[in-house]
Amino acid sequence: MQHIIDRFISYVTIDTESDPNSDTTPSTKKQLDLANLLVKELKTMGMTEVTIDKNGYVMATLESNVKHEVPTIGFVSHYDTTPDFTGANVKPQIVKNYDGGDIVLNKKQNIILSPSYFKDLLQYKGQTLITTDGTTLLGADDKAGITEIMSAMEYLIQHPEIKHGKIRVGFTPDEEIGRGAHKFDVEKFGCEWAYTMDGSQIGELEYENFNAAGAKIIFKGKSVHPGYAKGKMINSMLLANQFISKLPKNEIPEKTKGYEGFFHVVGISGSIEETVVELIIRDHSAKKFKERKEFIHELANKFNKKWKKQFGEEILIAEVKDQYYNMKEKVKPVFHIVEIAEKAMKELGIKPLIKPIRGGTDGCQLSYKGLPCPNIFAGGHNFHGKYEYVPVESMVKATEVIVKIAEITAIKK
Ligand SMILES: [Zn+2]
């Protein structure tokens, strides 16, 4: 267990914050500090085909140790941390034998991680937790995943009696800014399927995510001196307001859960002359997703017709663009890849928590690039902020899940 703690701490103390405003890959150079360290460690532990490409994608191979044919599988994590909260100067704190009470993260600033607010903490009573010092995020998202993949590979190398096929590992930059899968060379990775180790609490197993689109609706107005505006001015902000008021009031993020989709207004910028409304559309069901997009177009047409009568011209432009799709479509035809992960967890005494993701993952993009890729827990909680923590026992279990998946995949049929 100490080994896993040391490894994790050596990764989270390297600042790898990504930057959405940068066009380069990786978006920040400092991410390579960790990528290069991983390359070195992979080589030292005896992995082969260890590569880092010009975009910072790290790949490596653990050779098969059986004679019969086994599908090549992969494990993927991202090494960047979110730009939403600082990841520089992370000072991890270790809480041994957690007693179920408040954890003082920072005495000076009175920052407390309390189970009265974060109830999940209570399931880890008696375990070893790694927390922040209250001034940074921790980076368990997703350096816990990296720690687990590295530890599992090391374990398999040290235990050649465990039989497995060829295994590939992949570490990506820029997942947190939505670009982790963009330049991932699926062909070079060469796997039949893979798993991202990027979920949260122990047991999580995910293969369904939203279908996602973004809509941009532009309202054209006419500015006239307000003193002479009667019958002439068209205030585009007020038109935008009419449009928004016709969106279904209960189908918004704050009123939906599980498989319920939504429309979510994410931005409005406007003047009398022009107002732009940006919204995102999300739904797990492909059919409902299509209907939601159609709804926007129909609403736009209706308003345009009405306003044409009123103002003599069409004044609304609606653009709807798909962003990503539910990986379920790609995973369902190869559903054994989920069953293997489920079986691995059950054999290790972990209760699988299968639930739909209300968002996307790198795995959903990889799935549509030809690499079906469900998501497995990495163990951390409260990602993207100062209350982030990870139970070491969950990291140990995730490591065991990787080993077990490798083992199950290699069983001769
Ligand atoms: Zn992540």
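Each residue, glycine too, has its Cβ placed from N, Cα and C.
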Same Zn(2+) 2 site per TrEMBL - residue from Glu176, Glu347, Glu407 joining Asp141, His384: Glu176
Annotated companion of His78, Asp141 at the Zn(2+) 1 site, TrEMBL, chosen from Asp15, Asp19, Asp23, Asp198: Asp198
Segment-level pLDDT (mean, integer) for the domain 'Peptidase M20 dimerisation' (207-307): 96
Of Asp80, Asp141, His384, recorded positions neighbouring ligand 1, Cβ under 6 A: Asp141
Sparsest-packed among the binding-site residues, when each Cβ's other Cβ atoms within 10 Å are tallied, from His78, His384: His384
Nearest of the recorded positions (His78, Asp141, Glu175, Asp198) to His384 (Zn(2+) 2 binding site), judged by Cα-Cα distance: Asp141
Beyond the site residues Asp141, Glu176, His384: chain residues whose C-beta lies within 8 Å of the centroid, for Zn(2+) 2: Thr81, Thr82, Asp84, Leu137, Asp142, Phe383
Neighbour tally for Asp198 (Zn(2+) 1 binding site), based on other Cβ positions within 10 Å of its Cβ: 26
Shell list (Zn(2+) 1; ref centroid = CB of His78, Asp141, Asp198; cutoff 8 A): Ser77, Asp142, Gly145, Glu175, Glu176, Thr196, Met197, Asp362, Ala378
